[in-house]
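Student: One structure, pasted below without further comment.
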C-alpha cells in the first residue's frame with residue numbers, strides 16, 4: 001500500500017497535484033518543472049504520515065532523541081485522533097489544548113481555576129477545521145527545498161508576512177511538549193540551574209481554552225517511527241515558524257501591514273480573511289507561568305517570565321525547521337519588533353530580567369513534525385531569548401552547532417532590544433548558517449532609519465570582496481604602462497648594431513671585389529676567418545674601454561699579428577692580405593685602420609699602425625648604465641634649458657609688472673601734485689600773505705615719507721617730467737627763497753565759470769551714494785559713538801590745521817544735530833578715520849543717517865557704531881565732553897557744492 005501511495009503521485013497532472021496539496025491544507029505555488037518534484041515528494045510524505053497516524057490510533061507519542069531514548073510520560077495519549085489528524089493535515093492545535101504541558105516530574109502544573117483549560121473543557125471537545133489553518137508552500141532562493149509558512153499567522157499572506165517571523169524580536173512557535181519533553185538525563189544534570197535561577201514569577205492568568213478549539217498532538221507517533229531513518233538535511237518542513245526557547249509571538253494584528261516585497265500583492269485578499277480569524281483567536285489566548293523551574297535549555301520567559309523544569313523532568317526539545325521561511329528584509333522585521341514592544345494593539349511583552357543560562361553544544365536529533373502555529377500563544381516567552389536558530393530548511397529539531405552560548409541578565413529596558421539585535425543567517429544550504437553577534441546584549445536599539453541603514457551595510461559586508469576599485473585599476477594601468485616602456489627600452493638596449501648580423505658575419509654582401517677575384521676559395525675562407533677573429537677581438541677591447549674596465553681602445557699591428565699567430569700559424573700569412581682588403585674596400589666593416597694620426601689618410605698597409613673597432617661589444621649592464629647616464633644627462637640639459645626659459649620669462653614678466661606699477665604710481669603722484677597745487681592756490685586766494693607758488697622739493701617732502709623717498713625717486717622724477725611735458729595748468733619757475741634758487745610750481749587759475757562747472761572743490765559734500773534702509777542701516781541706535789571712514793587721505797593733506805576742515809565739514813553736514821559733543825581726527829589713519837561722540841544713542845543715530853553713504857571730497861564715507869568704553873579708552877578727554885559743538889561760521893562751505901550743483905541743474909532744466 002505504501003508503494004502504491006508512493007508511485008501514485010508520480011502520475012498526477014499539475015491540476016491534480018495542486019488539488020491534492022490543497023486537500024491537505026496546503027497552498028502551493030505554481031507547478032513548474034523545478035517545483036513539481038518537490039511537490040510530489042511533499043504529497044508522498046503527507047500520505048505516509050496520514051497512514052501512520054491511522055495505524056497508531058490512540059497510542060502515545062514516541063520521541064526521536066538520538067542522544068538518549070529516555071521517554072517522559074506521554075501526556076498526549078488522551079488527546080485523541082482528532083489532534084493527530086489535525087497535525088497531519090497541517091492544522092495547528094488550538095491554544096486551549098494544553099495536555100502536552102504535563103510532565104512526569106510535575107512539569108508545567110496548570111492552575112485548576114480555569115475550568116476550560118483542560119481537555120475536559122468545552123474547547124477540548126471540538127476539533128479545529130482543517131481549512132482554518134492553511135500553510136503556504138514557498139521556496140528558498142534556489143527553489144530547491146520547500147518552506148511552509150502559516151498564512152494566517154502573519155495576516156498578510158505570502159512572503160510579506162512569512163518574512164516577518166524571524167526578526168521581529170520574537171522566537172518561532174515551540175514544538176509540542178508531547179514531542180519535546182524528552183531530554184538526556186545527563187544533559188539535564190549538567191544544565192542544572194544556579195540557585196538564583198529558580199526564582200519564580202507570580203502565577204499569571206490561568207489558561208483557558210477558546211470555544212470550538214481542540215488540541216491534538218498524536219501525529220508525533222508516526223513521526224517517531226520513521227524519525228531515525230530520516231535525513232535532517234532532506235526533510236522538508238511543513239511550518240515556517242517555530243519557537244526558540246519557547247517564545248510567544250506577539251498577536252499578529254500588529255503585523256498585518258508588513259510587506260517584504262511587491263511580488264505577493266495578489267495574496268492580500270485571501271490572507272486578510274485569515275487575519276480576521278487569527279485576531280479573534282488571539283483575544284482569548286491566556287498566558288500562564290510554570291510553578292517549577294525548567295533547565296536552562298528549556299527556560300521560557302515571556303518578557304522575563306522564568307520557566308524552568310526540575311532536575312528529574314525532561315528538557316524541552318526545540319525544533320526550528322524553517323524558523324522564519326522567506327524572511328527577506330531584516331530591518332523591516334526589527335521595525336515590527338519595535339512596534340510590538342510599544343504595544344500598539346498587541347499584547348504587552350514583559351521585559352523582566354532574563355536569567356543567565358548556558359546551552360551545551362550538543363546537536364539534538366529531529367524529534368517531531370513542526371509545532372502548530374498557534375501553540376505559542378499559550379506559552380510565555382522572552383523576547384530577549386538569545387538562543388541560536390537553526391535555519392536549515394530540512395534541519396528538523398532545534399540544534400546548537402556552535403560552541404556554548406551565554407546570556408547575561410538583561411535590564412527591563414534591554415530585554416526587547418537584545419532580541420531585536422539578534423541576527424540570523426538566511427542561507428538555507430550552507431554548512432553553518434548560525435550567526436551570533438558578540439554585542440547582542442549590550443547593543444542599544446537603533447531607530448528605524450539607522451537600523452535599516454545598518455542592515456544594508458551588513459549585507460554589503462557579507463558580499464564578495466572581489467570588486468576591483470577604480471583606485472587599483474588606475475594603479476594597474478600605470479604599472480602596466482611603465483613595464484611596457486621599460487621592456488621596450490631593455491629590448492632596444494639588447495639589440496645588436498646594424499653593421500653586424502645576428503650570426504656574427506660581417507655585413508658585406510660581396511667582400512671580394514674584382515681585384516681579389518682570382519684568389520682561391522681556400523684563401524678567401526681563411527681571410528674571412530681572420531677578419532672575424534680581428535673583429536671580435538677589437539670589439540671586445542673597445543667595449544671594455546667604453547665600459548671603463550680597460551684604458552686601451554686600439555690594437556697595434558704587431559699585437560694583432562701576435563694574436564693571430566697564437567690562434568694558428570695559418571692566420572699569420574693572410575694578415576697582410578686582410579689589411580689590404582680593408583683599405584681597398586672603403587666601407588665600414590667594423591674594423592678601422594689608423595695611422596700615427598687619427599685623421600691621416602692611409603694608402604698602403606705599411607702606413608697602418610693601429611686597428612680600432614667601430615662597433616664596441618658591451619655587456620647588457622654596461623649598455624644599460626651608459627644609456628641611463630646618457631638619458632639622465634640629456635634630461636638634465638633639457639630641464640636646465642626649460643629652467644632657463646622659465647627664468648627669462650619670469651624676469652620679463654617681473655619687469656613688465658614693475659613698469660606697470662611704476663607707471664600707475666607715477667600717475668597717482670601726478671594727481672596728488674595737482675591736488676596739492678590746487679589746494680595751495682585756493683588757500684592763497686583766501687590768505688593773501690601766502691606765496692602763489694610752491695617749491696618742488698617742498699611738494700615732494702609733503703607727499704613722500706622720508707623712508708620711501710629713495711624707493712620712490714624714480715616715480716617722482718617721472719611725475720615731474722610728465723607735468724613739465726603734459727600739464728598746462730602747472731608752470732615751472734625759478735625763485736629765490738631764503739637766499740637760494742629753487743624750482744617752483746605755480747598753479748595757473750582757469751576761468752571762474754569753468755572752475756565752478758568742471759572743477760570739484762576740495763573738502764565738500766558731493767551728494768548721497770545710496771539711500772538708507774534696513775539692509776544697510778541698523779533700525780536702532782546702538783551706542784552714542786561713531787567711527788567714520790574715508791573722510792580724508794593723510795598723504796594728500798597739507799599743513800598743520802587741515803583736520804579742522806574735516807571737523808567743520810562734519811558739523812556742517814550735521815547742522816541740525818545738537819548732540820555732537822566730541823570729534824577726533826586720526827591724522828595718521830590710512831583709512832581717513834574720524835571719531836564722533838554724541839550725548840545719547842539717539843543723536844548718534846541721527847548723525848549716522850546723515851553721514852553714512854555720502855560722497856565727501858571724492859570718497860565714499862561709511863559709518864559704524866563704536867562702543868563707549870573703547871571710545872573713552874582711545875580718547876580719555878571725551879569723558880568730560882558734554883557741550884554740543886556747532887559750525888564755526890554760517891557759510892556752510894562744505895555744502896556749497898551741493899547748492900551750486902542743484903542750482904545748475906535747475907537752470908539747465910528751465911532752459
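Cβ coordinates are placed from backbone N, Cα and C, and glycine is handled just like the others.
Annotations for this protein, taken from Swiss-Prot, read as follows:
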MOD_RES   2  N-acetylalanine
DOMAIN    6-50  domain 'LEM'
MOD_RES   27  phosphoserine
MOD_RES   140  phosphoserine
MOD_RES   144  phosphoserine
MOD_RES   185  phosphoserine
MOD_RES   209  phosphothreonine
COMPBIAS  217-236  compositional bias 'Acidic residues'
COMPBIAS  259-269  compositional bias 'Acidic residues'
MOD_RES   261  phosphoserine
MOD_RES   352  phosphoserine
MOD_RES   402  phosphoserine
REGION    699-911  region 'Interaction with SMAD1, SMAD2, SMAD3 and SMAD5'
DNA_BIND  707-726  DNA-binding region
MOD_RES   777  phosphoserine
MOD_RES   883  phosphothreonine
MOD_RES   911  phosphoserine
Student: When DSSP is mapped onto helix/strand/coil, what comes out for residue 27 (phosphoserine)?
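Tutor: Looking at the DSSP assignment, residue 27 (phosphoserine) belongs to a strand.
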Student: Within 10 Å of the Cβ of residue 27 (phosphoserine), how many other Cβ atoms can you find? Include all protein chains, please.
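Tutor: For residue 27 (phosphoserine), the 10 Å Cβ neighbour count is 21.
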Student: For the modified residues 777, 883, work out the Cβ neighbour count at 10 Å and name the residue with the minimum.
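Tutor: Each of the modified residues 777, 883 was scored; lowest Cβ tally within 10 Å is 883.
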Student: Taking only the residues in the domain 'LEM' (6-50), give me the average pLDDT of this model.
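Tutor: A mean pLDDT of 81 is what the model gives the domain 'LEM' (6-50).
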Student: How does the DNA-binding region (707-726) divide up by DSSP, counting helix, then strand, then coil residues?
Tutor: 16 helix, 0 strand, 4 coil
Student: Whole-number Å distance between the CA of residue 27 (phosphoserine) and the CA of residue 777 (phosphoserine)?
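Tutor: Each residue's Cα considered, residue 27 (phosphoserine) and residue 777 (phosphoserine) end up 78 Å apart.
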Student: What three-state class does DSSP give residue 883 (phosphothreonine)?
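Tutor: The residue in question, residue 883 (phosphothreonine), is coil (DSSP, three-state).
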